[in-house]
Amino acid sequence: MACANFSFTFLVLCSCFATSFIACHGFPVHHNNTFHHRHHPRFASHNYRDALTKSILFFEGQRSGKLPSSQRMTWRRDSGLTDGSTVHVDLVGGYYDAGDNVKFGFPMAFTTTMLSWSVLEFGGLMKGELQNAREAIRWATDYLLKATAHPDTIYVQVGDAIKDHACWERPEDMDTPRSVFKVDKNSPGSDVAAETAAALAAASLVFRRCDPTYAKLLVRRAIRVFQFADKYRGAYSNGLKRFVCPFYCSYSGYEDELLWGAAWLHKATKNPTYLNYIQVNGQTLGAAQFDNTFGWDNKHVGARILLSKAFLVQKLQSLHDYKGHADNFICSLIPGAPFSSAQYTPGGLLFKMSDSNMQYVTSTSFLLLTYAKYLTSARTVVNCGGTVVTPKRLRTIAKKQVDYLLGDNPLKMSFMVGYGPRYPQRIHHRGSSLPSIAAHPRKIQCTSGFSVMNSESPNPNVLVGAMVGGPDEHDRFPDERSDYEQSEPATYINAPLVGALAYLAHSSGQLEVLAASPIY
């Protein structure tokens, strides 16, 4: 009997360990799930599953630091191994934001928040890609923990952008100054600090079940960083203007990040302090403003959608107004509806601005699918001045945007590198455009690479999964390496796309629900 009891206990412990391991590594945990529809349409014009895999793989091409043995983007090698040493801080790791070799903390934090939100909303649909998504998040959060290790200080940038942009060299070769820039009590940065807090808080939910110790570390740090952001107020580009502008100036101010950061801490901690903060400060922080652009700079729309869930799904009546705020954003997107203000290209692409427009396409598509999920859960709709907009309509609009960027457009080309028969060949990306270390072991000097940058030859290294800035307002795309507005990829373009692709892959029957339990 003792043996039997031991065996039963052992089996229970093994089962619990397996469940935890499975939940962490993205294999099946079967429970009921709101996404488990009774049928799937089996025809889809695109292989969303393939696009999902590639959208996550892209992040491995953006890694800085010591690359792991599991690195799949093998043309990349170690880089930035002494980052932070000039100020005696370990700042090795993290991501290069786009096609250069600078680590900008503001967009990196936003990328992390959006990757985490993608996993929180749609990770249960990602099948084997869930673990890859988690690894992409952890590569960022490990770095953000280093950057916030000292109280009331955040290291927000590594690399002198002006000097870096004067060179066209591989990250493995870079010899430009790895200058370190920080915000602190004397030179505050509420925007970058609150975004960093949002990233750490969101990521803590991603790891809550599979690595609770790490999750606790993340949320504790998020709380401390948000306190710093709120106590010492100011835009980081005031004190660091000549280093962070015009690259990642905080054009929208810091109020949106304070609201966004508080929303994520409310979600991660359930501490009533943050709900009270939102209720007291929401209006002064811009909750009701009619700014309908969501990206690395302005977070108001994201905060409205996120907080609307607390009302719609969790029935938190005190946040009732955020349903109206979220609806106003949705109504701005609906062609032909009252209050519609969004512009679309002749081919149907949402068009916000000429510089890296695709970031707004992916972020908006994610928000549409996420809000549709909340509306469905609450069994409600959006009313745009008498025009009823259903969750299905939101999903249709989002799908059309994603289909456009995957190839359903006047040029019949994909804007994701490595996806489909035709995609950008000359992206604005140093590592991709220059020969790899394996192909050319000798150092390529600072200015030597410009002959390649200015050439018309295709990039030798395929940065699989990279989403470029995209076409202009007339659906034109020249595919020129020098055209950074249209041809440069960025981490924050891909991050929200991960969630959108997971939903579309599942809804088209390309993924079965394997990790159907909640992610956190």
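Start at 1 and count along the chain as shown; that gives each residue its number.
Each Cβ is built from the backbone N, Cα and C atoms, and glycine gets one as well.
As annotated by TrEMBL, signal peptide applies to 1-26.
Model confidence over the domain 'Glycoside hydrolase family 9' (48-501) is summarised by a mean pLDDT of 97. Sequence annotations record features per position, and here TrEMBL assigns domain 'Glycoside hydrolase family 9' to 48-501.
Residues or ranges marked as active site by TrEMBL: His428 (among others). Take the CB of His428 (active site) and look out to 10 A: across all protein chains shown you find 24 other CB atoms.
The active site annotation in TrEMBL covers Asp479 (among others). Sequence-distant neighbours of Asp479 (active site) (same chain, 6+ residues apart, CB-CB distance under 8 A): Pro424, Gln425, Arg426, Ser487.
Per TrEMBL, the feature active site maps to Glu488 (among others). Packing around Glu488 (active site) is summarised by its Cβ count: 21 other Cβ atoms lie within 10 angstroms of its Cβ, all protein chains included.
On the backbone, the CA of His428 (active site) and the CA of Glu488 (active site) stand 5 Å apart.
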